[in-house]
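Here's the structure, in structure tokens; my notes come after.
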Amino acid sequence: YKYAVDGINVFAVNLLPLVLVTLVLGYVDSHNRLTSSSVKFTLALLSIMPLSYYIGMAIASISAQSNFAVGAVVNATFGSITELTFYITALIKGSREGNRCYAEIVKSALTGTLVGCVLFVPGLCMVIGGIRHQEQRFNSRSAGVSSALLFLSVGGVFAPTLFSKVYGKLVCGECHNVTQNPLGHYLCHNCHFDLMENNGTLYYSHVQPLVYTVSLLLPAAYLIGLFFTLKTHSHIYDIHISDCHMPGHHHSAVVHWSRWRALVILLLSTLCMSACADLATEHISPILTNSTVSQYFIGVTVLAMVPELPEIVNGIQFALQNNLSLSIEIGNCIAVQVCMLQIPILVLFTIFYPTNFTLVFSDLHVYASMFSVVLMNYIFMDGKCDYFQGTVLVMVYFILLAVYFFAPSPSGC
């Protein structure tokens, strides 16, 4: 991982032929005569890894050669392109087939990315960095800004869900009279809060306006956070810890390529990324149908964390260099972008193309996300950590994965 070719990690160079093989197999062998859908789905996910790396490199080069406004717009527009292309194509496919499972898979992937970037990415970096360094310090001020944004974003994203729990209509499937008295006690199963079928007025009159309001406020808060960290208070990312200069992630952008070369690579990588996302959604149906594992688990693991592998590798490299501030910021920035950019974009996309995506998550997603953010804020409170604290974060992440693994699939899937 230490070797590079023209500033590009050698792994990303070696994986480029995989992208070509994936595209050729996916679009030439449309009837699965050469390979199965499972192989094509796996190849499409693996091809996303080098493409996301090239997109990140191009964004860093363009941002380093531009002013604040252009750099912020480019970062906000293309920073989440990997996940958004997959989510949008999945929602379109689910809408055309009339299948609600795709919307649930997208919600699981969003939650998995949030939980993984809050717990697994910084926790793994703490463990690996803590093996080499007995105690590592990081910029608690910048981590505090990210924690505040995470609290704000998680509260905003799950506000419609909590609203629906308070005012939604409880619908139960199987009810049995326990006392054999019409006015007696009933034992009910398969209960859920219904917003659409039997109580559509609540959704269209109250929940949907709240969803649109939140989807407008969260990007505005993200832009204010960018202006705060990049313009007015950028000095909080330049601190000295243990006689070692620790630059924040906003000042680490390196000009790898010229502006035009970066723009061409960015557009080509985005085009290939869209094609790979289309192939992944096209061949995911047999996996969801034939898999004995919960679809929640597939969403929070494979679909959420595979595109983030380049960021995980970068975070580990920074942790080994005793630059844990960058490792933490990588995970926090991805989590903030999930809540403040990706989810509002998906909600606003439903205005122009009606899909089954509603900003109402299951209780499991709500509890996992909120608990992860609270635990992360507690761990980052003192500005120093070791491998034990990283182990705690990783173990909690694995416990949540076990919960998702044994959880039943969403109803109707």
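Glycine is no exception: its Cβ is also placed from the backbone N, Cα and C atoms.
Residues or ranges marked as domain 'Sodium/calcium exchanger membrane region' in TrEMBL: 41-158 (among others).
The annotation domain 'Sodium/calcium exchanger membrane region' is assigned in TrEMBL to 262-404 (among others).
Here TrEMBL flags 7-27 (among others) as transmembrane segment.
According to TrEMBL, the feature transmembrane segment maps to 39-56 (among others).
The feature transmembrane segment is assigned by TrEMBL to 68-89 (among others).
Residues or ranges marked as transmembrane segment by TrEMBL: 109-131 (among others).
The transmembrane segment feature in TrEMBL is assigned to 143-163 (among others). Residues 114, 118, 206-207, 210-211, 214, 217-218, 221-222, 225, 228-229, 236, 325, 328-329, 332-333, 335-336, 339-340, 343, 359-361, 366, 369-370, 373, 376-377, 380, 383 of the same chain lie 6+ residues outside the transmembrane segment (143-163) yet bring a C-beta within less than 8 angstroms of a C-beta in it.
The transmembrane segment annotation in TrEMBL covers 210-230 (among others).
Summarising the annotation, TrEMBL assigns transmembrane segment to 262-281 (among others).
Counting only same-chain residues 6+ beyond the ends of the transmembrane segment (293-313), those with a CB under 8 A from a CB of the stretch are 1, 12, 45-46, 48-50, 52-53, 56, 82-83, 86, 101, 104-113, 115-117, 120-121, 124, 287, 330-331, 334, 362, 364, 400-401, 404-410, 413. The feature transmembrane segment is assigned by TrEMBL to 293-313 (among others).
Non-local neighbours of the transmembrane segment (334-353) in the same chain are 76, 79-80, 83-84, 87-88, 91-92, 95, 106, 110, 113-114, 117-118, 121, 146, 149-150, 153-154, 156-157, 211-212, 214-216, 218-219, 221-222, 225, 308, 311, 359; each lies 6+ residues outside the stretch with a CB under 8 Å from one of its CB atoms. Here TrEMBL flags 334-353 (among others) as transmembrane segment.
The transmembrane segment feature in TrEMBL is assigned to 359-380 (among others).
The transmembrane segment feature in TrEMBL is assigned to 387-407 (among others).
Within the chain carrying the transmembrane segment (262-281), a Cβ under 8 angstroms from the stretch's Cβ atoms is held by residues 19, 22-23, 26-27, 40-41, 44-45, 47-48, 51-52, 54-55, 57-59, 61-62, 78, 81-82, 85-86, 89-90, 93, 102, 256, all 6 or more beyond its ends.
Each of 7-27, 109-131, 210-230 was scored by its Cβ pairs under 8 Å to the transmembrane segment (359-380), and the highest score goes to 109-131. Proximity of distant same-chain residues to the transmembrane segment (39-56), defined by a Cβ-Cβ separation under 8 Å and at least 6 residues beyond the stretch ends, is recorded for 8-9, 11-12, 15-16, 18-19, 21-23, 25-26, 32, 78, 81-82, 86, 265-266, 269-270, 272-273, 276-277, 279-280, 282-284, 287, 302-303, 306-307, 309-311. Long-range contacts of the transmembrane segment (109-131) within the same chain, counting only residues at least 6 positions beyond its ends with a Cβ under 8 Å from a Cβ of the stretch, are 83, 86-87, 150, 154, 299-301, 303-305, 308, 311-312, 315-316, 318-320, 322, 324, 327-328, 330-332, 334-335, 338-339, 342-343, 361, 365, 368-369, 372-373, 375-376, 385-394, 396-397, 400.
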